[in-house]
Amino acid sequence: MEQPLPTAAAEAAAAGGDGEAYRIRPLELADISRGFLGLLNQLSPSPPLTEEAFRARFEELAALGADHLVLVAEDAATGRLAAAGAVLVERKFIRRCGRVGHVEDVVVDAAARGRGLGERVVRRLVEHARGRGCYKVIINCTPELTGFYAKCGFVEKNVQMGLYF
């Protein structure tokens, strides 16, 4: 049987308040046929992913339980996905073995932008991280997106650096 990612904690994070047009819910295996990979490709163009590779990664993330949550916004009329985002909970030694939420891979389909879907997905991810006991939630973004994330309650802090392979 197909299970959403990751479980009941994800359902709590996704529940309520999104009206009739879109339902925000955890990622499911069947979402590969609802446009999930095409949606991610709008964020970061990538080579095609096979269904087998998608299934393997889905199962790997599901094994992490509530420490990794992928939410999607599903169009109630068409069943297609219009937005997605993820949060990963990092377990630390500092702050008395505290936890930090990392928001990643937030994307809204080009045809669905301007409807508040991105903000609703991000707010649900933040609430999930709060519920997991995170003392902060962070996101790295381009300068063009700082205004969007400010609307979601984030403030500019520090400098992001990266090393890509």
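Cβ coordinates are placed from backbone N, Cα and C, and glycine is handled just like the others.
Annotated in Swiss-Prot:
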type    : residues                                                                  : note
BINDING : Ser44, Lys92, Phe93, Ile94, Arg95, Glu104, Asp105, Val106, Tyr135, Lys136 : substrate binding site
BINDING : Gly114, Arg115, Gly116, Leu117, Gly118, Glu119, Tyr149, Ala150, Lys151    : acetyl-CoA binding site
DOMAIN  : 22-165                                                                    : domain 'N-acetyltransferase'
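If you measure from the Cα atom of Tyr135 (substrate binding site) to that of Lys151 (acetyl-CoA binding site), you get 20 Å.
Mapped onto three states, the DSSP output places Lys151 (acetyl-CoA binding site) in helix. Per-residue pLDDT, averaged across the domain 'N-acetyltransferase' (22-165), gives 96. Neighbour counts of Cβ atoms within 10 Å were compared across the binding-site residues Gly114, Gly116, Gly118; the minimum falls on Gly114. A distance of 25 Å separates the Cα atom of Arg95 (substrate binding site) from that of Tyr149 (acetyl-CoA binding site). In this structure, the binding-site residues Arg95, Lys151 were compared by how many other Cβ atoms lie within 10 Å of their Cβ, and the smallest count belongs to Arg95. The two recorded residues, Phe93 (substrate binding site) and Gly116 (acetyl-CoA binding site), show a Cα separation of 36 Å. A distance of 18 Å separates the Cα atom of Ser44 (substrate binding site) from that of Tyr149 (acetyl-CoA binding site). Take the Cα of Asp105 (substrate binding site) and measure to each of the binding-site residues Gly114, Gly116, Gly118: the nearest one is Gly118. Taken through DSSP, the domain 'N-acetyltransferase' (22-165) splits into 60 helix, 39 strand, 45 coil.
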